[in-house]
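Quick look at what TrEMBL annotates:
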- B:40-436: domain 'Oligosaccharyl transferase STT3 N-terminal' (DOMAIN)
- B:552-610: domain 'STT3/PglB/AglB core' (DOMAIN)
- B:34-54: transmembrane segment (TRANSMEM)
- B:101-121: transmembrane segment (TRANSMEM)
- B:133-153: transmembrane segment (TRANSMEM)
- B:159-177: transmembrane segment (TRANSMEM)
- B:189-214: transmembrane segment (TRANSMEM)
- B:220-243: transmembrane segment (TRANSMEM)
- B:255-274: transmembrane segment (TRANSMEM)
- B:286-308: transmembrane segment (TRANSMEM)
- B:320-342: transmembrane segment (TRANSMEM)
- B:379-397: transmembrane segment (TRANSMEM)
- B:404-420: transmembrane segment (TRANSMEM)
Amino acid sequence: MAKGTNDAKLLIQSLRKAYAATPTSLKIIDLYVVYAVATALIQVAYMAMVGSFPFNSFLSGVLSCVGTAVLAVCLRIQVNKDNKEFKDLPPERAFADFVLCNLVLHLVIMNFLG
Amino acid sequence: MGATSVASPAPLNSAPSSFPSLKALKFTTKQQELLIRVSALALIYVLAFVVRLFSVLRYESMIHEFDPYFNYRTTLFLTKNGFSEFWNWFDSESWYPLGRIIGGTLYPGLMVTAALIHRILHFFSFAVHIREVCVLTAPFFASNTTLVAYFFGKEIWDSGAGLVAAALIAICPGYISRSVAGSYDNEGVAIFALLLTFYLFVKAVNTGSLAWSLASAFGYFYMVSAWGGYVFIINLVPLYVLVLLVTGRYSMRLYVAYNCMYVVGMLLAMQIRFVGFQHVQSGEHMAAMGVFFLLQVFYFLDWVKYILNDIKLFHSFLRITLTCAITVGVLALSIGTASGYISPWTGRFYSLLDPTYAKDHIPIIASVSEHQPTAWSSFMFDFHILLFLFPAGLYFCFKRLSDATIFVVMYGLTSMYFAGVMVRLILVAAPAMCLVSSIAVSATVKNLSSLVRAKSKSPQGSGKPLSGSKAAAKASADQSLPFQKNGAIALLLGALYLLCRYAIHCTWVTSEAYSSPSIVLAARGHGGGRVIFDDYREAYYWLRQNTPPDAKVMSWWDYGYQITAMGNRTVIVDNNTWNNTHIATVGRAMSSYEHEAYEIMLSLDVNYVLVVFGGVTGYSSDDINKFLWMVRIGGGVFPVIKEPDYLVNGEFRVDKGAAPKMLNCLMYKLCYYRFGEMTTEYGKPPGYDRVRGVEIGNKDIKLEYLEEAFTTSNWIVRIYKVKPPKNRW
């Protein structure tokens, strides 16, 4: 048991150390992702309390959070300099794609909100 | 096909602006190749449109079959009343007295497309009637499909394969069967949307760009709006992602492509009212969601592994995360399925996995002829040489595996399985067959033509950079087999012969088998001249002009759409078949004695009854041949109708030896009323039924509660009026 907690502590420490080495721009994107997922979880908890009617509003709320989180992760992947597959992609193009997809996502959400 | 001309070109006098001086009017090789490709594509585009016009030239520009009439009626409504009325339309003219919420129970893609084309044409002052637009929508989209097939072929192999794919799919009978001019049905537009979605998705996986992934989400939205077969896409794409993950070919591009397409695509799909919340509630869509969550976990673990750089620590982290994720996943799935929140697979799609399911449980699905398993002859008929080019193409795909070829292989194999289960799904397999076969054709022709053009003297491989071509290496190594060049020429001629036979076969098949409107029948008369039977339209127009506007017509569900579209009268049941009990009520009425049927008809407010009878002309798709299905469907809901009552020793007969219930049921009486006096064939007794090939058993038919209203000129459609109840004294 002690070895287990020791392992866990070592794990968390090395994770924290490795994460501190990431550039700030990526950390900002990670913060946005965490915020979006947290909002989604809050909405699910609220739905569990008051029921799921109207279902389309609940779905649009949760899916907008999940969608924008996923798109932010895609942006992070494309902007990260360590990814050799995307080294030809200028970060402006990646950000423009991100904005476009978010625009479409939120327009559909607004139609679905009801 | 991929062979470019290196000889000096003849000077062409076109496009003078791109050449600085008159001397340089020669095209470079690249420009020549572009010219050849563009002109080939243009010809293929026109060919795909023109080959589907047989029935328009032979008969007239009209809508075929049954389902297209419903689509036509809704498109007419859309152009007259606008989108908002269409989207919220409640139709009280079908399924009397229940009505049908049309706005919420159809796939609007086809109607909106046709209405849009109609509006654009009117904007440019082409005053075409919406019917012409409807008739020609399917060929137009078939031409667009060839373009998409070209780009798809280019993406998975090279532009030569793209050209071959476009040419093959332009005339492939499997596709033509559902997209001739006049066949105004969802599949005409849906196959275009299917191929477009697949192409955009493969492009997104190849480039890893969010923009292409967004485009594929829109393609998926178009597919969802067009056809219920979109379930194929939403299951094939996650399966593909799973295969890539399992074989270790995953990359960041896959993550970007799938996630954007899934989330945005799912949201867009839920805007269609008919689909509703199925993407989060139905068992058929759960695979996509499962793969979505799996991807998140997988790539998260991949990222942690990357930043940790330490195997042991990562293993412990992996253990923790995996146990959590798997428990949560299994728990959610089991609670969802057990509580019924996640609905199980619907009968339509479950019968694809278990083909015997429909026959035992849902007779309506089993009775449709398009839902029967496919015979080998159908495969040969619809695919011809593609049948053996497909395995050859698979071989080439495996030789040069990439993300794109894996996708095409999976698409081909899954669609071939489903095409074997249900005849109708040959249509979905057709693009896959054409794409894979085009790889085989293109690669073979390229290899052979390089052999033909190889100069045996120069060892440096005289400028033919063909990848992996052992033939080119052999030629340049100067160890060529004797008569290699002649052999290659012979094989090339053989390939040319095969492709010519394919073209001839496709044209013959289109002309003979797939160009009949089904609503107008044709036959060869005694003198060899063509005889047209236009009885259906005659009957529907009689209904339109001779019955009160609020009359209700009872018929078998096959003819419902046509009666509402052309006869403009209310029907009891139609082809939508959404209410099995209502159809069973009609089936029960048709199979009961006349007085029992009269009770049922009074309760449904029926004024007219319409039956189809082929005994005079020999037309075999008539109601007597469909009668056993009426009994089965009626008996499925009302146990008072028992199928053995109508059979004699398990045999279905209508002559003197037939079962007494058969000889006196309503359908028999309505079909054979006054038929006993009619001589149909020289040398046969009166009352000889030309379809069943027997003399009918009950010739002396008296109708007590109905009277004959109209019989068409060839006795194919017969309409009876229901008499009002007698006065009590």
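All positions are counted from 1 along the displayed chain.
Note that Cβ sites are derived from N, Cα and C of the backbone, with glycine treated the same way.
Using a Cβ-Cβ cut-off under 8 Å and counting only residues 6 or more beyond its ends in the same chain, the transmembrane segment (B:159-177) has close neighbours at 1-2, 37, 40-41, 44-45, 47-48, 51-52, 142-143, 145-147, 149-153, 191, 381-384, 386, 426-427, 429-431, 433-435, 437-439, 441-443, 445-446, 502-503, 505-507, 509-510, 513-514. Taking Cβ pairs closer than 8 Å, the transmembrane segment (B:34-54) reaches residues 4, 27, 138-140, 142-143, 145-147, 150, 159, 163, 166-167, 169-171, 176, 179-181, 506-507, 510-511, 515 in its own chain, all 6 or more past its ends.
Contact between the transmembrane segment (B:189-214) and the transmembrane segment (B:255-274) is supported: at least 3 Cβ pairs lie under 8 Å, counting only residues 6 or more apart in sequence. The transmembrane segment (B:220-243) makes contact with the transmembrane segment (B:404-420): 3 or more of their CB pairs lie within 8 A, with pairs spaced 6 or more apart in sequence. Contact between the transmembrane segment (B:101-121) and the transmembrane segment (B:255-274) holds: at least three of their C-beta pairs are under 8 Å, each pair 6 or more apart in sequence. For the domain 'STT3/PglB/AglB core' (B:552-610), the DSSP counts in helix, strand and coil order read 33 helix, 9 strand, 17 coil.
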